[in-house]
Amino acid sequence: MMMTVSERIGRACLVIVVWAGLAFLTLPLAIIVAVSFTETEYLKFPPQGFTFRWYERFLADSSYLESIGLSASIAFGATAIAVLIGVPAALAITRSSLPGRGVVNAIFLAPLILPTIVIGAALLQYASALGFARSYAALLLGHVVIVVPYILRTVLASLARFDQSLEEASLDLGASGVSTFFLVTLPIIKPGIVAGALFALIISWINVELSIFNSTASLMPIPVKLFNYVQYAIDPMVAAISAGTIYVAIVAVVILDIFVGIDRVAASQK
Amino acid sequence: MRIRNGWAALLLGVPLAFMAAFFLVPFVVVVVASFQNAAGEWSLANYARILADSYYPNVLYTTFKLSLLATVVSFLIGYPIAYYIVNVVRSRAGRRLCYILVIMPLFTSNIVRSFGWIILLGRQGIVNATLVTLGLTERPIPILFTELSIVIGLTYILVPFMVLTVAGVLQTIDKSLVEASLDLGASRFVTFAKVTFPLSLPGVIAGSLIVFTLAVSAYVVPSIMSGGRTVVMAMSIFEQYGSLFDFNFGAALAVGLLVVTLILIALSLFFIERQPSGRQAVQ
């Protein structure tokens, strides 16, 4: 349909506002990457020269590498446990007539709405009472709780879209329920699991609010370490470490887009 | 495939036990602790202490004021982006590019994102340099470590949530309604105001609630962007747990924040529902 002059002007204004908004979202990340290459001893924008010195300095500091290793181990561990919890739960919630399914669903999704800082505090208090406060186990269990909803949500969405006649065909042809799940259901809901797992990995990898309650000087995920550092000093090395985490985010987004399609993921994450 | 209830209970048992042990029970522990004193006796002293003077009510007020501002600004920035992605961009590649730009910040830590704004907003930062160059101000103005920088930082964190929620609802609007409005001679502005926007209200309400709840409980952004000059509830809660080790009072602050947030959300939904157009939006 033809647009009038005022509609064209309106459309142009919208485009300007939107791209200003998208620039607002991108600018701070681009700035960090830019200043991480500066040759100056302090943060300077625009950066002067080009050097990998700050990256070399943080890679030479074993405490940062330990923090990165700890964060990665928690992220992968928590995601793996969350998949084992979320997928069976999603199956039971969508495919059975068990009473109380709605309440169960609400319990699994509650960590999304409840302030993470309250979950962190609760876990510290609980773990103190049971004697495992500020330990790897406390960190791991807390991360499982906050990432389970991401898995459950995407798997529930895949199961809802699912053509159930495929499963019926498999059962009619004599396959058992268990082999139908592994041969028919699982391959079809796999994109949902992958998308949910990738979100879960990232949510755990970037978490500060929960981890900070159960961290110690020798048990400190990388975002908590950065948080403590930034409060006392900001220098190009912090920029280099931060830029490193941005590269991880870029890789994760690209993987999501290639394997699942970022627009589909976005639609399932509302 | 239907799953028989026996099997379903088996599938659900372990996950539910996990959530009970490491989510529900810890949460009950906090609520119980908030009603106990250091000696473990039942007491309302923690709550009395919150209301004893104006300090914590003020902190609560600041928290909600900044969260509300961040929610409104997130809507103003996020809604046009969501509308653009769903209704204006034609190619799938363009839509994917927009989504990548929206989701990328979501995949970086709050601390990294706040750090970016520290570089941008400092006295020697780009924002001030631009303002001076444009002649809008003679010398750099203090933006960093004010309430304004907290709102900017919070908004930056929250816009992606608003975009994804609103876009999710905009996608489900039947395009034939928009076409009918245009065919009947309404301009695109009128069509947006009378058809698209009212139908997208559920997304706006859901997005605003998510953004507001996240803003109220934000800890990292206010800590970094306030420079310690403004205190919000999450900072007070962490102070009690992390440095003063008064778990009972910290628990009361956490429960207090949660209860007041839920009351505010319930009240706003109640008022939205009393509007004739809002009733449909909530349902």
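Cβ from N, Cα, C; glycine included.
Pulled from TrEMBL, these are the features on record:
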- B:60-270: domain 'ABC transmembrane type-1' (DOMAIN)
- B:7-35: transmembrane segment (TRANSMEM)
- B:66-86: transmembrane segment (TRANSMEM)
- B:98-121: transmembrane segment (TRANSMEM)
- B:141-170: transmembrane segment (TRANSMEM)
- B:191-221: transmembrane segment (TRANSMEM)
- B:249-272: transmembrane segment (TRANSMEM)
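Here the transmembrane segment (B:141-170) sits against the transmembrane segment (B:66-86); at least 3 CB pairs are under 8 Å, leaving out pairs fewer than 6 apart in sequence. By the Cβ criterion (distance under 8 Å, sequence gap of 6 or more), the transmembrane segment (B:191-221) is counted as touching the transmembrane segment (B:66-86), at least 3 such pairs being found. Across the candidate stretches B:7-35, B:66-86, B:98-121, the maximum count of CB pairs under 8 A to the transmembrane segment (B:249-272) is reached by B:7-35.
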